[in-house]
């Protein structure tokens with residue numbers, strides 16, 4: 001069973017994570033008008049994962065994105 005979890009983790013890190021977001025440092029997040037924090041507010045969206053432990057890059061949502069769905 002342990003090998004199954006190991007393979008699942010490798011698959012996630014190799015295929016799924018790079019397709020959804022990238023690891024960025026705090027300076028790159030700031031250049032994209034975001035901030036590295038633990039949780040995004042409801043008025044913000046996640047754009048990347050910061051290289052800092054357990055932090056994500058959050059930026060403000062545009063009003064057009066709220067009405068999209």
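Heads up, the Cβ atoms here are built off N, Cα and C, so glycines get one too.
What Swiss-Prot lists as signal peptide is 1-26, and the listing cites sequence analysis. Per Swiss-Prot, disulfide bond is recorded for 29-57, 36-50, 40-58.
Cβ neighbour density within 10 Å is lowest for 40 among the disulfide-bonded residues 40, 57. Looking only at Cα atoms, residue 40 (disulfide bond) sits nearest to 57 among the disulfide-bonded residues 29, 50, 57.
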